[in-house]
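Here's what Swiss-Prot has on this protein:
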type	residues	note
ACT_SITE	Y85	active site, proton donor
BINDING	D80, 179-180, Q205, 234-244, R258, 326-334	NADP(+) binding site
BINDING	H149, Y268, R271, R367	substrate binding site
COMPBIAS	1-31	compositional bias 'Low complexity'
MOD_RES	S40	phosphoserine
MOD_RES	T48	phosphothreonine
MOD_RES	K136	N6-acetyllysine
MOD_RES	K244	N6-succinyllysine
SITE	K113	site 'Lowers pKa of active site Tyr'
TRANSIT	1-46	transit peptide
Amino acid sequence: MLRAASRAVGRAAVRSAQRSGTSVGRPLAMSRPPPPRAASGAPLRPATVLGTMEMGRRMDASASAASVRAFLERGHSELDTAFMYCDGQSENILGGLGLGLGSGDCTVKIATKANPWEGKSLKPDSIRSQLETSLKRLQCPRVDLFYLHAPDHSTPVEETLRACHQLHQEGKFVELGLSNYASWEVAEICTLCKSNGWILPTVYQGMYNATTRQVEAELLPCLRHFGLRFYAYNPLAGGLLTGKYKYEDKDGKQPVGRFFGNNWAETYRNRFWKEHHFEAIALVEKALQTTYGTNAPRMTSAALRWMYHHSQLQGTRGDAVILGMSSLEQLEQNLAATEEGPLEPAVVEAFDQAWNMVAHECPNYFR
């Protein structure tokens, strides 16, 4: 049961404070709870996945353990990491929580990714090396979901897919996922896998939020056609949709965050830090005040409620939102927002207007 899992995480947090190393926890016998359902007659809302990119960077082992525990205690069960996150520290921390990840009776699901960056590739040897290294860090025999983090345009995709099929046959992962691929590449991959009898991808992880909707035009119809679930990352545009930033902030010294003080900061600024984007956020904030008055929800809450109630995500198809965090407090606030109801029509319309303001400079969902 997830309560047992969260207790195991709590014990791991205590251990991490007592010593610098991590220890292997005994696999936990847990039965998966039914997914949370909306009120009678309402559509099933998308699932929530915990993004762990900040574990090992802005969150140490103890804070990470507390966040995983809080996530599990709210009835969620999917964790998302990657080979490259914090140079492997994200996976190491998750592996030390004693969850029994990858065991047959563990209902806490774990996903990781292999990438073609920083000397890596999606050639067979590199894919195998990355996945097997991830399994060692996570202290598990297999992962539930194994993504190709982005296309490797220097490697024939057939080589990559054949290698993935071999690893799947060896029992090293359950489901295959894609991330940051163009819709035509998804169609090509699904066709190749089907014609060769290789494992088919079943999940796509992509960039999607209230002011970044490029996936709606072509990618989502492609995924529906081939039967892939869609997991949305950057639901708050890297934190821009919290409303806490001003456009002029880029010119001064800022605290470490998604947009400042890390190796990916420039990528995130190029992706979202546009003057029109800040104007669009101001428009939504004005609509919130006009519509709700003194009871207006925070911008963060409104952006997440848009994802769960007004986006093109479909809970009945297994779609999900990936929630990252840099602190336990932030996670708890965001989880609370995911449980709130739909927005008033005037605010939904304001989000649509905001999207129209920034659509011309929307970052590509593919790489």
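Cβ atoms are placed via backbone N, Cα and C, with glycine included.
Shown here: features listed in Swiss-Prot, placed on the structure.
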| residue | record | DSSP class |
| --- | --- | --- |
| D80 | NADP(+) binding site | strand |
| Y85 | active site, proton donor | helix |
| H149 | substrate binding site | coil |
| N234 | NADP(+) binding site | coil |
| T242 | NADP(+) binding site | helix |
| Y268 | substrate binding site | helix |
| Q330 | NADP(+) binding site | helix |
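Within 10 Å of the C-beta of N334 (NADP(+) binding site) there are 21 other C-beta atoms, taking all protein chains into account. Local packing around the binding-site residues N234, T242, S326, Q330 was summarised as the count of other Cβ atoms within 10 Å of each Cβ; on this measure the leading residue is N234. Of all the recorded positions in the record (T48, K113, R367), the one with the smallest CA separation from N334 (NADP(+) binding site) is T48. Rounded to a whole value, the Cα-Cα separation of R367 (substrate binding site) and Q330 (NADP(+) binding site) is 29 Å. Residue annotation for substrate gives H149, Y268, R271, R367. The furthest Cα pair among them is separated by 18 Å. DSSP assigns R367 (substrate binding site) to coil in the three-state reduction, outside any helix or strand. Closest in space to K113 (site 'Lowers pKa of active site Tyr'), of the recorded positions given as N234, T242, K244, Y268, S326, is N234, taking the CA atom of each residue.
Cα-Cα distance from T48 (phosphothreonine) to S326 (NADP(+) binding site): 17 Å (rounded to the nearest whole number).
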